[in-house]
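K.L.:
Pulled these from TrEMBL:
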- 1-42: region 'Disordered' (REGION)
- 11-39: compositional bias 'Low complexity' (COMPBIAS)
- 40-167: domain 'ALOG' (DOMAIN)
- 158-191: region 'Disordered' (REGION)
- 181-191: compositional bias 'Pro residues' (COMPBIAS)
Amino acid sequence: MDSSAFPEMESSNSENSSVNTGSNTSSSAGTSSSGSTLSRYENQKRRDWNTFGQYLKNHRPPLSLSRCSGAHVLEFLRYLDQFGKTKVHTPICPFYGHPNPPAPCPCPLRQAWGSLDALIGRLRAAYEENGGKPETNPFGARAVRLYLREVRDLQSKARGISYEKKKRKRPPQQPTAGSPPAQPPPPPGEG
């Protein structure tokens with residue numbers, strides 16, 4: 001497969017975290033009837049969907065979306081690693097587990113886990129918006145979820161960064177009838 005067909009994918013912390021196809025895609029898929037501009041997310045999702053379609057076309061032998069499986073999605077994710085910008089230290093590297101290494105090392109650049117996770121989320125949504133059934137969605141396959149978890153854990157250890165699940169904010173609890181009101185904390189210096 002020709003690696004120039006898919007320019008690099010940016011990290012999830014950058015301004016544009018989609019796969020950049022390098023072409024101007026003017027698809028009407030996903031545009032609203034009022035002609036308003038698409039959100040950044042919708043534009044990324046459209047570009048990612050077009051890029052995956054291009055990947056299937058360039059695949060040897062070419063693949064149709066209906067024959068695409070979780071294994072093909074994994075092949076696509078591994079292929080994208082060559083365009084990564086995130087240094088992932090190997091266990092033998094002296095900087096393994098250090099988030100800010102003091103010197104350069106020969107460890108490979110990979111796609112950041114957050115970028116891959118966001119990409120799969122957008123492609124999963126695009127698949128269903130383009131007529132795919134949720135139960136046959138290759139982007140939601142168990143193998144893809146396990147691969148993303150493995151990448152997250154490997155990068156967390158290699159880069160010394162913990163990926164903690166964001167906790168949902170719960171609305172403040174209203175006191176129920178019969179329960180005593182919450183006591184305010186004591187003023188500073190007392191107690």
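Keep in mind that glycine also has a Cβ here, set from the backbone N, Cα and C atoms.
Tell me what's around each of these sites.
P.N.:
If you take every residue in the domain 'ALOG' (40-167) and average the pLDDT, you get 90.
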K.L.:
DSSP says what for the domain 'ALOG' (40-167): how many helix, strand, coil residues?
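P.N.:
Here the numbers are 77 helix, 4 strand, 47 coil.
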